[in-house]
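Working notes, structure below.
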Amino acid sequence: MAAAKGTAIGIDLGTTYSCVGVFQHGKVEIIANDQGNRTTPSYVAFTDTERLIGDAAKNQVAMNPQNTVFDAKRLIGRKFNDPVVQSDMKLWPFQVINEGGKPKVMVSYKGEKKAFYPEEISSMVLTKMKETAEAFLGYTVTNAVITVPAYFNDSQRQATKDAGVIAGLNVLRIINEPTAAAIAYGLDKAGQGERHVLIFDLGGGTFDVSILTIDDGIFEVKATAGDTHLGGEDFDNRLVSHFVEEFKRKHKKDISQNKRAVRRLRTACERAKRTLSSSTQANLEIDSLYEGIDFYTSITRARFEELCADLFRGTLEPVEKALRDAKMDKAKIHDIVLVGGSTRIPKVQRLLQDYFNGRDLNKSINPDEAVAYGAAVQAAILMGDKSEKVQDLLLLDVAPLSLGLETAGGVMTVLIKRNSTIPTKQTQIFTTYSDNQPGVLIQVYEGERAMTRDNNLLGRFDLTGIPPAPRGVPQIEVTFDIDANGILNVTATDKSTGKANKITITNDKGRLSKEEIERMVLDAEKYKAEDEVQREKIAAKNALESYAFNMKSAVSDEGLKGKISDADKKKILNKCNEALSWLEANQLAEKDEFDHKRRELEQVCNPIITKLYQGGCTGPSCGTGYTPGRAATGPTIEEVD
């Protein structure tokens, strides 16, 4: 594949599903994966023989829950002892371990224990999205815009960028999901004067509310709020708990400790939840759920709404908070935009509509695809796409949390206020606290609390060599500079000597080192090569199997009676049966062995078959265009649990 210089893709890397789009020929194409789905599960599975990503991984989760990793987005950029990580670990079937304060996922792959950083798991999903785009475009793609929740802090953004690098992508920019949705929306709404838009994004794992003003192609984010831990999965959890209780009542058995049963129940619950968005009742039918018991039951929409009532109602709190932060009355909002699959739930729509006094909600954008759509447009802008559609679009993003430093008494002195438009640069003069102080410790924090101890320490550095002077005399100029990706540079300069020191907050708290990233890039290539070998092996195995079965059916064809000698027929059948028995006993053989076996079989069969067909043919198998030696490559059908 040749790389096309000018193409960049937009990737919505979601907690539960991901989506990829590209802007070409003046419009956005959302790209379907190899299964024909326009969204791909953010799942990676490891087995004894291979690594699976996307639909294939999610489809086998019931059989292999310990080694199927999802929700990497909940781990990325966090510390192991983060309360979010600790509480989520209780719900995950896979094991999370602590390595130097960072969480790693422990799985068994090809018979060995392996531990992966969340960045590596996310990079595998990004690789899948990259390959999906490449299959559609027909050439290699390296440039991408990746989206993150507005609430992500600096280390989470940086870790997401690292995941892109490991996947072999050049990450042009990390942008906020609601901002991306606003772009998708803004394209359709160009030229209507200033509009205030509220974006309500309830996805599989995160919930974001953002208020933007769109004016003449300029987007400005006024406020963001939300809950990093609310989404479709939480609604699934409520259904799972409900049915676990029902199973207890009906069958006096507790299935909650059986991971496979719970996983199968969860899959059925997710399906039921989707059904309830369009029907008032959904049926669940799970054969042999636990100890041979079939579980057939149903749930009404009303019951589902009751089970999730507090979660649904809770979605309005961030709406109110965002309005307060934007200093805006709800009557001032022109448009309410729904993003994320969970916004299809009728009750969620009703609550939001009632809150805005019956206003129409905007559902014109497919809620699953809006974010990737916007990311694809942003990617085109950054690559210098000259088409009229994207020419006049300017994007102003915001800092999700206030940034500042610690001053005397542990006070948080804010330099960049939360919701400030980025990129931005703020400078302030500070001084010494005691006489003849030789240096100052600059400690950088993010957060909204008055005292730094309640906020999040991003990094610290010393500025030394300050000439002796009474307290309050030295002038130390501190500059906070955030770039368009939300990455922070802090510089401190002593005005009298010109001595300076700086820090780029790319996070000591969980940032991967350059060496680690390089190692992971190499690992990713190695895994990809292994996946390729595995695919070739399976193709060779299938080719042998198909050839043997085709030969057996060819010589057993009624139409060939009398045309083939019994000796020849027996020879072929014996050889085919021998090959099939060998195959049965050597499922894990190498590609060369399968190929060798097939060639061996062909040497016996082909001369007989060729002689047969050259000798004229009148049977029903004539004229079917069957060519000996060409293995059938039909679809593989598998049951999904």
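Each residue's number is its place along the chain shown, starting with 1.
In case you wondered, yes, glycine gets a Cβ from its N, Cα and C as well.
Source: prediction; values computed, not measured.
Annotation source Swiss-Prot lists ATP binding site at 14-17, Lys73, 204-206, 270-277, 341-344, citing similarity to another entry. What Swiss-Prot lists as region 'Nucleotide-binding domain (NBD)' is 3-388, and the listing cites similarity to another entry. According to Swiss-Prot, the feature region 'Substrate-binding domain (SBD)' maps to 396-511, an assignment based on similarity to another entry.
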Sparsest-packed among the binding-site residues, when each Cβ's other Cβ atoms within 10 Å are tallied, from Ser277, Thr343: Ser277
Close in space, distant in sequence - Tyr17 (ATP binding site), Cβ under 8 Å, 6 or more apart: Thr39, Thr40, Pro41, Ser42, Gly203, Gly204, Gly341, Asp368
Candidates Gly14, Gly205: member of the binding-site residues with the richest Cβ shell (10 Å): Gly14
Local Cβ density at Arg274 (ATP binding site) - other Cβ atoms counted within 10 Å: 15
Cβ atoms near Arg271 (ATP binding site) (within 10 Å, other residues, all chains): 14
